[in-house]
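K.L.:
Take a look at this one; I'll ask things after.
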Amino acid sequence: MHDKLLIEGKLVAGKGEALAVFNPATGEQIAAIAQADLHQVDAAVLAAESAFAHWGQTTPKTRATLLLQIADAIEENAEAFARLESLNCGKPYHAALNDEVPAVADVFRFFAGAARCLSGSAAGEYLEGHTSMIRRDPVGVVASIAPWNYPLMMASWKLAPALAAGNCVVLKPAEQTPLTTFYLAHLLAEILPAGVVNIVFGRGADIGDALTGHEKVNMVSLTGSIATGAHILSHTASSVKRTHMELGGKAPVIVFDDADIDQVVDGIRSFGFYNAGQDCTAACRLYVQRAVYDKVVEALGNAVATLKMGDPHDETTELGPLITEQQLERVVGFVERAKALPHITVVTGGERVKGQGFYFQPTVLAGAKQEDEIVQKEVFGPVISITPFDDEAQVIGWANASHYGLASSVWTRDIGRAHRLAACLQYGCTWVNTHFMLVSEMPHGGQKLSGYGKDMSMYGLEDYTIVRHIMIRH
């Protein structure tokens, strides 16, 4: 098992405290891995700074060629990545292999092409005797913090655009889920020049703070909780670093009475519970028009009850465990508080699964009110709430009355209504008659407390650049 940091092109053991890494499907410890010490964090940042002097001046073609080599290496090692992601996260192996690893490779391929297509404003004479032009230059050293729900995918979302734009990166995976990142490290060591990517490991409170607060770091990119984002913003405020934040969500799913109910049920069964609901865009906050409310509640409850939980290596398993005992207890707390409300009905699920592992039953809670905690706060587990609504104005108000602003969906056969709602919803993405669909060519990112900045797409590439004006007198 790979467990080494990557610093200045070399794979080295951490010199700090050993952290336990667990298999969520069994609750058993699978490794004890030494985190970096503060000297190693400093060495990683300085290696990135040194490498940037050359890497930042390479041609897009050069960078694209190496990104394509990374994509090839990921595909060639797909089974190894899927095994580690399943072991460390509890994900069904077939989902990691068939859904996530191909998407990771595709992100590197997309940004390999995007690196060669970055455009700027037209040059021109805006002042007599002077010619102006616009450059998009790399930011410099980027500190990237990846989350535990999609360790490999989120690492790719951060590495690919940053490298394509000519930046150097110091990446820290979540302390709970480092295994695929360590495996990636040994591949990157063979492909990239020394120092272009460095990987450190450790707790956020010490290693994360040391990394993001380092004076040589020019930009911090985080996917994580609102609390973590707020902490990093406060921690880095004095150095005025550029920041890129994706901080979670509570996606409203608006179902009108003209929607295809079978399509809705099939979609929410998948999109609300993929990755055990541990997804910032999960279809978790349903608003259903009153005329079809009872029908949707019954059909969705029946469908969700058929989701199969269990062994991640069983090809029929659809739902894995939560990531840690702590996360499981958090989900239990949300559901127990919701169950205590007299107006909420547990349609299916609602309990921790007895036995080994951190499993929670896929859960549908009906009768939730707009002000309920279960409607307002991100649970990050296999739990959806359903609330009836009467008309467009009411549901738009309810959907937007949230601190989050990442993802949303509208289910209707009325194309005019779909356009009206898409124009009004305050979310970074609105899907119509689907949910949870992501492609490398389109941006992903939020507003409000869900953060700012875009992953994927040309917008994601631009986020890792600085716009500069060059004026020449002649």
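Glycine too: its Cβ is placed from the backbone N, Cα and C atoms.
As annotated by Swiss-Prot, NAD(+) binding site applies to Ala146, Pro147, Trp148, Lys172, Pro173, Ala174, Glu175, Asp209, Ser225, Ile226, Ala227, Thr228, Cys280. Annotation comment: Swiss-Prot describes Glu246 as active site. Annotation comment: Swiss-Prot describes Cys280 as active site, nucleophile, evidence class sequence analysis.
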K.L.:
Rounded to a whole number, how many Å is the Cα of Trp148 (NAD(+) binding site) away from the Cα of the residue listed as 'active site'?
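P.N.:
If we compare the Cα positions of Trp148 (NAD(+) binding site) and the residue listed as 'active site', the gap is 13 Å.
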K.L.:
Near Pro173 (NAD(+) binding site), how many other Cβ atoms are within 10 Å of its Cβ?
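P.N.:
Counting Cβ neighbours of Pro173 (NAD(+) binding site) within 10 Å gives 27.
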K.L.:
Based on Cβ atoms within 10 Å, give me the single least packed residue among the binding-site residues Ala146, Ala227, Cys280.
P.N.:
Ala227
K.L.:
Looking at the binding-site residues Glu175, Ala227, Cys280, which has the shortest Cα distance to Glu246 (active site)?
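P.N.:
Smallest Cα separation from Glu246 (active site) among Glu175, Ala227, Cys280: Cys280.
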K.L.:
Would you mind listing, in sequence order, the residues at least six apart from Ser225 (NAD(+) binding site) in the same chain with a Cβ closer than 8 Å to its Cβ?
P.N.:
Leu247, Gly248
K.L.:
Please find which two of Ala146, Pro147, Trp148, Lys172, Pro173, Ala174, Glu175, Asp209, Ser225, Ile226, Ala227, Thr228, Cys280 have the most distant C-alpha atoms, given that the record lists them as binding NAD(+), and give only that distance in angstrom, rounded to a whole number.
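P.N.:
If we measure all Cα pairs in Ala146, Pro147, Trp148, Lys172, Pro173, Ala174, Glu175, Asp209, Ser225, Ile226, Ala227, Thr228, Cys280, the largest is 23 Å.
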K.L.:
Please determine which of the recorded positions listed here (Glu175, Glu246) has the lowest count of neighbouring CB atoms within 10 Å.
P.N.:
Glu175
